[in-house]
Amino acid sequence: MVMIKSFSSMAMQNASAIRLSLLVLVVGLSSAQLSSNFYSSSCPNLLSTIKTAVDSAVSNEARMGASLLRLHFHDCFVNGCDASVLLDDTANFTGEQTAGANANSLRGMDVIDTIKSQVENACPATVSCADILAVAARDSVVALGGPSWSVVLGRRDSTTASLSAANSNIPAPTLNLSGLISAFSNKGFTANEMVALSGAHTIGQARCTSFRPRLYNETNIDASFATSLQANCPSSGGDNNLSPLDNVTPTSFDNNYFTNLLSQKGLLHSDQQLFSGGSTDSQVNAYSSNSSAFLNDFASAMVKMGNLSPLTGTNGQIRLNCGKTN
């Protein structure tokens, strides 16, 4: 009787061990589906093709580097890095391009389409639009003098998009510090990583409608800085007039964004919130005096962002045209 019980117990333990091993194997496989050499045999010239196209686009217009980086960010924060942001509206769903954070400001889709066309010619039905976005964002930062990082690949493209998710998940320029911390925490980022990623505003431009309330209603803004911006951003009208997010080195990926915050020269309300007597002041101070710390932290946070909820394996599809499902 004791032997039978003992044998039964051993059998149960073995079964449990096997189940655990299978679980570990499955989890390991799903996380291993993204890899830096995913296309090394199926599309060996992919990375050089993307880099050449991005370098050309940024050389023609430096602002495009910021636009491509933003495109990847606005993709990943809405149901993961699945290129849903690129989908045009259909009869079945309204896409994300008319969301508050994207309407009249989302740019760079034409560059992605050009890259996709070149990649399809070389490697038909192989490389996802989501992966092209991730690599183009990295190459854009490098083209403007910023850090590089290894982009793991193997994401697949979504077959739908969500206007409501875009409206609720992409952080707004009107957010206070607590709202920013929450918006990034919802995606698994720490407050420090949020500050590092905000440093992307060292490049690019914003529309007057995004910062008008700050110019005319807020007091924690340098007076001469505000006055200089008001000429191009009147209290009414001129909604689409542009101003650089970093007015010192607007096309260089550096730490001047943080130095500007110390002197109350953040363009957006959400920018200045990072240095306004709150919990992130010390982080802004540190980045303003230590460029390499910022660049390293930014690169690490970008790797983490690129890994947000990717579609892998047989989920999703490899779109042949980034603007529509197959």
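Every residue gets a Cβ built from N, Cα and C, even glycine.
Remember, predicted model here, so these are calculated numbers, not experimental data.
Positions annotated as signal peptide by TrEMBL: 1-32.
Within the same chain, residues at least six positions away from Cys123 (disulfide bond) with a Cβ under 8 Å of its Cβ are Tyr39, Ser42, Cys43, Leu46. For Cys43-Cys123 (among others), the entry in TrEMBL reads disulfide bond.
Summarising the annotation, TrEMBL assigns active site, proton acceptor to His74.
A C-beta separation below 8 Å, combined with a sequence spacing of at least six in one chain, links Gly80 (Ca(2+) 1 binding site) to Leu308, Ser309, Pro310, Leu311. Among the features that TrEMBL reports, Ca(2+) 1 binding site is placed at Asp75, Val78, Gly80, Asp82, Ser84, Glu96.
Per TrEMBL, disulfide bond is recorded for Cys76-Cys81 (among others). Counting Cβ atoms from all protein chains shown, Cys81 (disulfide bond) has 28 others lying within 10 Å of its own Cβ.
Positions annotated as disulfide bond by TrEMBL: Cys129-Cys322 (among others).
Around the Cβ of Pro171 (substrate binding site), 20 further Cβ atoms fall within 10 Å across all displayed protein chains. Summarising the annotation, TrEMBL assigns substrate binding site to Pro171.
Annotated heme b binding site per TrEMBL: His201, in sequence order.
TrEMBL lists Cys208-Cys233 (among others) with the feature disulfide bond. All chains included, 23 other C-beta atoms sit within 10 angstroms of the C-beta of Cys233 (disulfide bond).
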| request: Have a look around Ser84 (Ca(2+) 1 binding site) and count the other CB atoms within 10 A of its CB, chains all included. | output: 27
| query | To test your reading of the Ca(2+) 1 site: which residues beyond Asp75, Val78, Gly80, Asp82, Ser84, Glu96, same chain only, put their Cβ within 8 Å of the Cβ centroid of those residues? | reply | His74, Cys76, Phe77, Asn79, Cys81, Ala83, Val85, Ser158, Ala161, Ser162, Ala165, Ala166
| note | Of the recorded positions Pro171, His201, Cys208, Cys322, the one whose Cα sits nearest to the Cα of Cys81 (disulfide bond) is Cys322
| note | CB neighbours within 10 A of His201 (heme b binding site), counting all protein chains shown, number 25
| remark: recorded positions near Glu96 (Ca(2+) 1 binding site): from His74, His201, Cys322, Cα within 10 Å gives His74
| query | Reported as an integer number of Å, what is the Cα distance between Val78 (Ca(2+) 1 binding site) and Cys129 (disulfide bond)? | reply | 15
| request: Specify the nearest of the recorded positions Cys129, Pro171, His201, Cys233 to His74 (active site, proton acceptor), where nearness means the distance between Cα atoms. | output: Pro171
